[in-house]
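Annotated features in Swiss-Prot:
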COMPBIAS  1-13  compositional bias 'Basic and acidic residues'
COMPBIAS  28-41  compositional bias 'Pro residues'
CARBOHYD  Asn166  N-linked glycosylation site
CARBOHYD  Asn384  N-linked glycosylation site
REGION    1-47  region 'Disordered'
REGION    574-613  region 'Disordered'
TOPO_DOM  1-86  topological domain 'Cytoplasmic'
TOPO_DOM  108-530  topological domain 'Extracellular'
TOPO_DOM  552-638  topological domain 'Cytoplasmic'
TRANSMEM  87-107  transmembrane segment
TRANSMEM  531-551  transmembrane segment
Amino acid sequence: MAEHRSMDGRMEAATRGGSHLQAAAQTPPRPGPPSAPPPPPKEGHQEGLVELPASFRELLTFFCTNATIHGAIRLVCSRGNRLKTTSWGLLSLGALVALCWQLGLLFERHWHRPVLMAVSVHSERKLLPLVTLCDGNPRRPSPVLRHLELLDEFARENIDSLYNVNLSQGRAALSAPVPRHEPPFHLDREIRLQRLSHSGSRVRVGFRLCNSTGGDCFYRGYTSGVAAVQDWCHFHYVDILALLPAAWEDSHGSQDGHFVLSCSYDGLDCQARQFRTFHHPTYGSCYTVDGVWTAQRPGITHGVGLVLRVEQQPHLPLLSTLAGIRVMVHGRNHTPFLGHHSFSVRPGTEATISIREDEVHRLGSPYGHCTAGAEGVEVELLHNTSYTRQACLVSCFQQLMVETCSCGYYLHPLPAGAEYCSSARHPAWGHCFYRLYQDLETHRLPCTSRCPRPCRESAFKLSTGTSRWPSAKSAGWTLATLGEQGLPRQSHRQRSSLAKINIVYQELNYRSVEEAPVYSVPQLLSAMGSLCSLWFGASVLSLLELLELLLDASALTLVLGGRRLRRAWFSWPRASPASGASSIKPEASQMPTPAGGTSDDPEPSGPHLPRVMLPGVLAGVSAEESWAGPQPLETLDT
């Protein structure tokens, strides 16, 4: 019994000593019954604003267990079976690689900015487009008439020397009177037609152009002799026309009779104010039908009908070989470029031109290169009309011509302060012009990139049907009726001097062709969501879960890193060789120092634990890590 009581006394003393040590090392507990059971976790545990797991393993386990991404739970549910865990890990890794690969392909296509064409059909009343008609008879301007006759004689000499064709028979000598104010001109006879080389069985014919010093020569060759003669003659013809005064206008209405014999629209006669006239140096007298007519119904009876007079005047037989009418359909307020988009109608026929209109809507940057008007284009338009790409290309070429050759081409408008090219003022302009024109044909000039297509454009698709007109049975009275308006009386010439043209809408329906991006932002997000759902069954919320995992991992890395730094900092005095074994201090006011003093000493000496008060949570950590666990109890018992 005595031993039992002695043992009980020792245990009570040890208990009191342990309680005393705990009271010295920890904050005193809140007042309350010491024997009360701990409260339930839900009621007693107060959740913090942000809670982190204790390790990365716990973090990853929590994510795989609760994430909405398919396959993630398989990485932790079969932890006891390493084969399944490894297999599902490899499958998840392969799915991730496939997802990244397909997303890369998707983004690559998106950055190429592909577009698709959406075609829709609309039906509404449409204004008839403009129609330009030319008779194909270029005139000889009176101020340079004698120069043109010199050109005719020089052309006959060249053709005779090449093809042994005598064109001088039946022609009188120079008969044009010398005008009072004839501009000085010297025909350059060094630029003549010649055989350049033999290309197989074909003979190339052309002419040579040299620069002002004669050191650099350019050969303009053709496989067709007709094309060579026409281009050579056209070069000299434009060279002569450049001598005309800037204010000179050709009186192209001097022809006998009228070009337009009759005109009607929807059964009503046209008015004279509905025509605009001008003269083209190559295609002769031209008329533009400029009536504001709205097509009510399709068909010939509801379109424009024209009866035209066709004359074959021998003004420039080598320059113009056309026997008929030149026709071009173009948009309103657009310049007619007859050399690019026109076609011919032969005499003695009735041609029905059916128009079908398409509206094209193009996408601008970054999907394409188009412009809404002339404001955003680098090239200044020289034509006083709406923006078209052809007008921009012509203006760009003319400006480059002025910059490179110091003069402009006669068939195009001039920039401010420039003058037209002529051998009298610019002897080597032909060499410079054809060099530049060859670069334009081979797309080596910057005009193609400087002149984008319009973002909104109307394209006209034409279909033409022809028949003999007038017919054999109706020729008598038809020609007799029209003969009163200046046609020749000979019946064999009447048919070849007439042509009838009908301009109608094939249908009032028109197609609208609109460009749309293949991958707009909503479509790109939809494609990305489809791929994520295919490989992982993921959604936007699943991506937010991944983002949360990354944030938690970053925060846990910072916390664990800070804890390691604190441990290393507090363990540094223990690693000091002068510090002795750690002893337990029963009370904070009686803690001995290595020098034999107490904790009441103001400044303890020697390499021992410094007395540092840390704020916040770090103070508790430092106090907790400064004690040596259960070892003080054993020390007191001894």
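Note that Cβ sites are derived from N, Cα and C of the backbone, with glycine treated the same way.
Model, not experiment: these values are computed from the prediction.
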Alpha-carbon distance [Asn166 (N-linked glycosylation site); Asn384 (N-linked glycosylation site)] in Å: 46
For Asn166 (N-linked glycosylation site), the three-state class that DSSP assigns: coil
Mean predicted confidence [pLDDT] for the topological domain 'Cytoplasmic' (552-638): 53
